[in-house]
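*Asks:* I'd like to ask some things about the structure below.
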Amino acid sequence: MKLTIFRLGVSFPAPDGGQNKVLDDIGLSVAPGEFVALLGASGCGKSTLLNAVAGFHPPTSGEIWVDRRRIEGPGRDRGVVLQTDALFPWLNARRNVGFGLRLRGVGTAERDARAEEALRLVGLEGKGDHAVWQLSGGQRQRVSLARALVADPDILLMDEPLGALDALTREQMQDLVLGVWQRTRKTILFVTHGLDEALYLGTRIVVLAGRPGRIVLDEPAAFGRAALADGGGGRIKSTPEFAAARERLREVIFTGAEP
Amino acid sequence: MSPSSPVAVPDIAVPLVVLAEGVPRGAESRAAAARQVSLQPRPGHARLWISAATITVLLASWWAASASGAVPALFLPSPQSVASRLWRIATEGFVDATLAQHLAASLFRVFAALAAALVIGVPAGLAIGLSTVGRGILDPIIEFLRPIPPLAYLPLVIIWAGIGETAKVLVIGLAMLPPIVIATAAGAQGVAKDRLNIARALGATPAQLLRLVVLPSALPSILTGTRIALGAGWSTLVAAELVAATRGVGFMIQSAANFLATDVVVAGIVVIAAVAFALELGIRLLERALVGWSRHA
């Protein structure tokens, strides 16, 4: 599924009565199966961009297309994972994962079976009966990912999904996300403020900077695929190439222009 | 209990106004207590022992005051006489009905009122919590209704609904409505935006959002509102049974006051307190069963 963002602008009402322009003239075309790491400093509008693609917030100008359908609101073709796991605490892990199927009227038995399958995909087999509060932060985020996957979306939108996790769990989760991407071949739009994370995960790095936010860098990356071939584990992060790419990215983010 | 205890005053309307006026304040302090309990760790044994000792001391002073003859039995009957009177009301009855029949009449009124208040109050609360229009329409009505003591609108309700069972249920229901509406509205407003967005992304229709996300999210709050409402309704009972009742615990107390049967009055008060305690306990069990998850969230 091809995601096309065409001259997208998003404004919010400002306290002084005017309009606060958060995004301006964003153009982005994402090919099926791409893993786009959307990187930027705090307040550059990267979450706003993701919310617009998810359909949570209507664009002020421009259009967003998934294949030949123009986005008018949230939809099942775009799965969403947020920084807060946003699980439903009154449901156990399995029922959380199966929530999207329940909305479609899928019967309990099939729902539970498919939820269990999705839980296996994120390494949580046998945890289906656990209540949300019995799961760790990383496990909750995995349930959240499984919940998005079980609806079989074309595109996965992830808004700093690992941002609230501790450093070690985050590293493990990065490998898990890479593994899920490799197995499902979903198109992924992954918002992050972590340089390492963006470089490690993305097949393409898009940097937003400025106010209103514009795309200041858009280039392919190869560390993710290399990491997969390497068996993950984040070892690639200590190579000189990775460090050099990291420094360059840092420059771009803080100066807002390509060096 | 002081010698100027209100139960001995022939004009029983006076103390009842005091009782009715106390309802809103009592409801609020109970809400505050409910919040505190859920935030604090479980009370230790020490506190239980202190509470038990306090009750024992109070009972002993009551017994001493009546046994020594310092306070005449008309003002303060002894604990034994109240207990034996309670037994006789339970077995033989008082004013043509046994205690169980009085209790059944009162409980029926309170639960009929609760059912009505929930059927009206939960949708109204959702409307206030979720829609600007709903809030604009319903909020002033609830804010107008909330501070009025039930005894103040009792005459109006009787003019409208007559002196039958409907009027009594209506008065209790009106006292129960505001806490349920306000708690439901607060619960609906407190639904995490991320959860709503995720459900929308998964394809939820507005009706599904309401049924599968908003209602379960608001349920802990609705149950808290129900607990406060039950307290408010039970407190309003005596006022509701003031007019043309032939059964009910509140009616029993009032008839007893007319006969200066102080022991029945005190027994009735003890019964009302015990039932209120049982209702509170019941709701807490219900909360544990239905929204146990909210204690971990």
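Each residue, glycine too, has its Cβ placed from N, Cα and C.
TrEMBL feature annotations, pasted as is:
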DOMAIN    B:103-283  domain 'ABC transmembrane type-1'
TRANSMEM  B:48-65  transmembrane segment
TRANSMEM  B:110-132  transmembrane segment
TRANSMEM  B:144-163  transmembrane segment
TRANSMEM  B:169-188  transmembrane segment
TRANSMEM  B:209-230  transmembrane segment
TRANSMEM  B:264-286  transmembrane segment
*Asks:* With Cβ distances under 8 Å as the criterion, find the stretch in B:48-65, B:144-163, B:209-230 that has the most pairs with the transmembrane segment (B:169-188).
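*Replies:* Out of the listed stretches, B:209-230 contacts the transmembrane segment (B:169-188) most.
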*Asks:* Mark yes when the transmembrane segment (B:264-286) and the transmembrane segment (B:209-230) have three or more Cβ pairs under 8 Å (sequence separation 6 or more) and no when they do not.
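*Replies:* The answer is yes, given that the two segments have at least 3 Cβ pairs within the 8 Å cut-off.
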*Asks:* Below 8 angstroms Cβ to Cβ, which residues of this chain, lying six or more residues outside the transmembrane segment (B:48-65), approach it?
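*Replies:* Residues 1, 71, 76, 78-80.
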